[in-house]
Amino acid sequence: MKRIGMLLIALACLCSAFSWPVIVQAAPSVSTHAEAAALIDVRSGRVLYSRQGDKPMRVASLTKVMTAIVAIENGKLSSMVKVGKNAFRKEGSSIYLRLNEEMSLQHLLYGMMLRSGNDAATAIAEHVGGTLDGFVYMMNEKAKMIGMTHSSFKNPHGLDAEGHYSTANDMAMLTAYALRNPVFQEIVKTKVKKAPNPNERWDYNWLNKNKMLHIYEGADGVKTGYTKLAKRCLISSATRNGQQLAVVTLNDSDDWADHAKLLDYGFKNYPLETFIRKGDAVQGSDYVAGADFAYPALNEEKSRISSKIVLNAANSTSFRLGEAGRLQYLIDGKEIGHVVLLPKDSPRLKQKEGSAFSFTESSAGESSLFEKWLYHLHFLVRVLFLGRSN
């Protein structure tokens with residue numbers, strides 16, 4: 001019973017961090033060369049700028065952001081992956097894996113994200129998903145959970161395919177989600193990575209294709225992309241003064257300059273402001289905040305931000321799991337986010353940041369606990385009955 005109780009608590013914590021707000025307020029204008037673009041604050045999930053943000057478009061190798069986060073969350077980084085015939089000599093960008101070569105999942109992730117190896121993406125997908133189709137299913141289920149309502153994935157690498165598309169807003173939402181994972185964050189900020197090469201006398205030496213890591217102060221990710229149909233696509237991120245922003249551009253002929261411009265725009269106009277710290281007493285209640293709450297707001301918006309306490313019913317599941325309620329934050333009456341209210345002696349106050357707070361619901365709504373449970377159950381069934389390909 002104790003294990004079941006702990007599992008319920010873990011699931012409750014897991015479910016609180018999947019949805020992201022897409023709220024865009026008036027701000028000084030900025031222009032780009034992109035057909036579609038989005039700028040997002042990673043911590044809050046707030047979209048600070050959007051140009052044709054919901055237009056479905058080809059996203060080329062930006063797809064690999066989804067491939068990476070699904071693999072990180074569902075695979076074992078130290079597991080060895082054998083390169084099969086589907087991955088061997090995969091067309092497009094490559095890290096030149098050999099047939100039947102073995103490499104750790106962790107090193108394959110570096111090869112995929114730094115050098116955009118389509119062969120690495122394919123090998124990862126078959127290893128983690130059992131089959132390519134199985135992994136693509138996992139990608140689309142993850143998209144639903146995050147709230148990517150205008151996206152459809154058909155492969156793990158991003159080569160042009162009918163029905164394979166996303167949007168600038170959706171990819172921004174995905175990037176903000178992925179950057180909260182420390183393994184993903186470490187990979188995409190790496191400028192150079194060496195990996196063992198048992199078939200040669202030299203190691204693999206991968207240089208990150210993302211030039212933003214070298215030309216923009218504070219840059220720390222994330223992925224380049226290009227196909228003849230998608231044109232130049234790019235996701236970049238940067239952190240300054242404790243605030244991390246991410247930019248997505250699709251079909252942008254001057255992407256490096258546009259990303260620097262959009263990041264500057266975000267840091268200047270939307271500085272992150274902390275409204276409450278984890279463990280702080282909540283005025284008007286006997287409870288404390290279960291997490292920090294910080295939000296990027298225009299100067300003119302700050303005076304319009306208010307808070308409201310909403311208590312859980314004593315017979316509710318959340319209350320039985322230790323959550324007394326939540327402290328909502330609102331702009332002009334519309335919720336922009338919230339933190340859970342916890343008793344002062346709650347053991348959850350000792351957990352790492354991120355396990356006790358939630359962003360406000362996206363326009364698509366929050367995935368249900370049952371849907372998330374079903375997703376993970378499906379993956380376990382594939383592993384148990386179909387096995388993993390080598």
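Glycine too: its Cβ is placed from the backbone N, Cα and C atoms.
Automatic prediction, not curation, is the source of TrEMBL annotations.
Pulled from TrEMBL:
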type	residues	note
SIGNAL	1-26	signal peptide
DOMAIN	28-253	domain 'Peptidase S11 D-alanyl-D-alanine carboxypeptidase A N-terminal'
ACT_SITE	Ser61	active site, acyl-ester intermediate
ACT_SITE	Lys64	active site, acyl-ester intermediate
ACT_SITE	Ser116	active site
BINDING	Lys223	substrate binding site
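Note: the CA-CA distance between Ser61 (active site, acyl-ester intermediate) and the residue listed as 'active site' rounds to 7 Å.
Spacing of Lys64 (active site, acyl-ester intermediate) relative to Lys223 (substrate binding site) is 8 Å (Cα to Cα, whole number). Counting every protein chain shown, the number of other Cβ atoms lying within 10 Å of the Cβ of the residue listed as 'substrate binding site' is 30. The residue listed as 'substrate binding site' sits 8 Å from Ser116 (active site), taking the Cα positions as reference.
In sequence order, Ser61, Lys64, Ser93, Lys209, Lys223, Thr224, Gly225 make up the list of same-chain residues 6 or more apart from Ser116 (active site) whose Cβ falls under 8 Å from its Cβ.
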